[in-house]
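Peer 1: Below are the features listed in TrEMBL for this protein:
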- B:7-32: transmembrane segment (TRANSMEM)
- B:69-282: domain 'ABC transmembrane type-1' (DOMAIN)
- B:73-95: transmembrane segment (TRANSMEM)
- B:107-127: transmembrane segment (TRANSMEM)
- B:155-178: transmembrane segment (TRANSMEM)
- B:209-230: transmembrane segment (TRANSMEM)
- B:258-283: transmembrane segment (TRANSMEM)
């Protein structure tokens with residue numbers, strides 16, 4: 001290059017640099033070589049894993065090139081909305097299924113049912129029903145599930161055995177007994193870690209109840225129902241009885257090591273932690289921990305239907321190519337590979353029948369729970385409502401509110417957040433807004 | 001060409017840039033703050049309603065806004081004097097003829113200002129960790145019970161103030177240092193000959209001579225501290241129990257997290273009004289003690 005103390009060569013270097021820059025500029029101006037350049041946005045760590053899956057796709061489809069952009073989770077939501085406002089959405093993207101209703105409300109996504117009907121690869125009946133359902137908003141399909149996520153229990157087998165329990169809890173009553181036996185606040189030992197700034201744990205308990213979390217078609221909160229209050233009481237009691245420390249995940253710092261040290265016997269979390277525990281705990285401890293479906297009020301196994309889907313944006317000019325990429329990523333063999341790379345669990349039953357997943361005892365509880373997961377309310381405001389729910393719950397944990405007061409307060413906040421939605425639903429325009437109700 | 005016209009001609013490029021990139025967006029935000037622009041309006045402009053002062057009215061009835069205002073005021077009231085005290089103290093030490101290795105200390109004390117807030121916040125979060133942090137370890141040596149620095153709603157704000165003061169005092173220190181070096185040495189010489197003690201020299205020479213610098217530093221620090229955002233964003237994410245949510249943090253949440261741009265703009269304008277009022281008050285108060293000719297009282 002042009003730097004370095006060699007003045008005689010510098011002129012030639014300068015020319016070379018100029019030519020290089022010029023040709024790069026020309027190259028970027030020239031029309032793309034016959035074919036498609038797809039832009040794919042990924043959120044979080046999936047971007048790294050997908051890089052290793054793409055070469056095979058590009059070999060099979062020589063006319064399609066895929067450009068991956070990785071968004072950090074903390075900035076992704078903002079980036080997606082900004083891209084929509086600025087008209088610069090990608091061709092396709094990974095999208096968390098709690099964010100899907102929001103982008104559907106913006107009419108940003110392409111309906112996919114017709115493509116699924118003609119597909120040999122994507123077969124709806126092979127997917128876990130509730131996960132598939134989170135992609136259907138107002139009767140229209142907008143995404144194809146890519147990986148699933150449900151929160152359940154990680155537990156220390158050895159600690160439970162030492163306390164006299166042979167099996168993980170199936171009901172709340174059993175769970176409470178175990179938590180009591182395994183907690184010793186004097187020694188800073190707790191039954192479970194429930195970070196007070198994460199709403200997924202309380203939400204998972206609340207979804208086990210028969211009552212929905214919102215009522216009247218998502219117009220009002222339904223948090224004063226008996227079921228939600230039952231879940232909230234169970235949750236808050238866990239802190240009141242000192243069976244969980246009232247700390248946030250900022251303070252919890254490194255929960256994996258502490259789980260290994262026996263500070264917590266249970267950890268309510270998601271599938272990515274299988275990989276975390278495998279890498280962070282010493283080999284000698286690998287037989288000491290296991291996973292179990294989430295205990296319910298009466299029986300185990302109901303949890304939240306989370307995860308990410310693949311969606312095509314309405315503004316994309318390469319929808320057919322984007323669909324080919326979705327089909328490729330939906331093949332069971334590719335999903336198994338994806339699981340091995342990252343630990344993200346596949347949404348199709350047939351993907352679970354082979355590869356590393358089939359015999360993995362740590363994944364079995366997920367497989368069991370995935371048949372029974374329940375979707376969160378499909379309204380664009382849900383994430384915000386869940387956040388407020390958690391803020392109020394944290395006040396109840398701190399003893400500032402009773403269960404009844406907290407439930408009423410969550411309803412009040414949810415109703416305020418949903419005010420605009422009620423207005424829009426009641427004043428919906430008769431034309432295209434009707435076709436895709438928010 | 002007459003001179004006023006050519007003056008406007010020379011000013012025009014700057015005015016155009018100011019108008020397009022400064023005044024226009026501010027005007028846009030003001031109009032936005034009178035509407036309920038949100039996700040639904042982004043989807044379909046027919047879902048946009050003009051609601052006048054509705055956003056402001058709602059904000060003034062929202063407990064979170066008042067608590068955010070309280071946290072911000074707390075941060076300013078405690079943080080600004082601490083920060084100014086620390087930077088003046090450091091500047092005096094650095095300016096003292098007895099100080100050794102001045103460039104080294106100047107660099108070391110200025111270093112936090114130029115480091116990224118996110119990077120140092122990670123370290124501070126470890127320092128203030130309840131179980132493993134050095135802060136509690138040192139307290140433990142003194143036999144003091146560990147404090148839940150970032151997890152206790154009462155301690156979170158003081159911890160953030162400590163962090164912010166440490167992070168920012170170097171900037172003011174450099175300004176104070178320049179101010180101190182501009183004081184003519186013969187004033188001190190005369191005072192010494194008259195037998196003035198070090199304290200009296202500080203009170204009657206250093207402080208009055210530094211007054212304009214103090215005012216400027218004060219205004220800069222107050223308006224900077226009113227815009228508290230990055231520190232709670234990376235240290236506590238507004239928690240625990242929203243005890244570190246500042247006004248700007250609330251604006252960020254409203255606007256960029258929940259996309260309620262109307263209400264976020266209203267927060268921004270309320271904060272602007274507040275900062276404007278405080279600055280005017282500070283300038284007025286500082287003028288009060290002056291003679292009409294501008295000299296010190």
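Glycine too: its Cβ is placed from the backbone N, Cα and C atoms.
Set these features in their place in the structure for me.
Peer 2: Same-chain residues lying 6+ beyond the ends of the transmembrane segment (B:73-95) with a Cβ under 8 Å from its Cβ atoms: 102, 105-106, 109, 157-158, 160-161, 164-165, 168-177, 179-181, 202, 206, 210, 214, 217-218, 221-222, 225-226, 228, 246.
Tertiary neighbourhood of the transmembrane segment (B:107-127): same-chain residues 90, 94, 133-135, 150, 163, 166-171, 173-174, 230-231, 234-235, selected by CB-CB distance under 8 Å and a gap of 6+ residues from either end.
If one looks beyond the transmembrane segment (B:209-230) by at least 6 residues along the same chain, the residues whose Cβ comes under 8 Å of a Cβ in the stretch are 72, 75-76, 79-80, 83-84, 87-88, 117-118, 160, 164, 168, 172, 175-176, 178-180, 182-183, 187, 246-249, 252, 271, 274-275, 278-279, 282-283, 286, 296.
Panel annotation: around the transmembrane segment (B:258-283), residues 29-30, 32-39, 42, 51, 55-56, 58-59, 65, 69, 215, 218-219, 222-223, 226-227, 247-248, 250-252 of the same chain, lying at least six beyond its termini, place a Cβ under 8 Å from a Cβ of the stretch.
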Peer 1: What else in the chain is close to the transmembrane segment (B:155-178), if you only count residues 6 or more beyond its ends and a Cβ gap under 8 Å?
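Peer 2: Beyond its ends, the transmembrane segment (B:155-178) has Cβ neighbours at 71, 74-75, 78-79, 82-84, 86-88, 90-92, 94-95, 106, 109-113, 117, 120-121, 124, 128, 147-149, 210, 213, 216-217, 220-221, 224-225, 228, 231-232, 235-236, 239-240, 243-244.
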